[in-house]
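TrEMBL annotations:
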DOMAIN    5-95  domain 'Acylphosphatase-like'
ACT_SITE  20  active site
ACT_SITE  38  active site
């Protein structure tokens, strides 16, 4: 099935609601690697890498679920591509 990489940006009430921590937990549960960080304009962005089916699961989670107190208004995905090897060793929360 191979591996894929996709970048994401989530808008809405996603800062100050443990969104990054929950995203990291969900990614680790799915066995994905990548990163997540807050942006200066109030969104959360990052990158997901792993098997396509698992990446899709996390995309769906970012689009619809998020952390318990978050309110997601929009999730955008870009730079989707097939990769030969993972470029990260874990799923990190970046400052």
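From the backbone N, Cα and C atoms, a Cβ is placed for every residue, glycine too.
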Taking the Cα atoms as reference points, how far is residue 20 (active site) from residue 38 (active site) in Å?
8
Please compute the mean pLDDT of the model over the domain 'Acylphosphatase-like' (5-95).
98
Residues near residue 38 (active site) in space but at least six apart in sequence (CB under 8 A):
15, 20, 44
Using DSSP, how many residues of the domain 'Acylphosphatase-like' (5-95) fall into helix, strand and coil, respectively?
25 helix, 38 strand, 28 coil
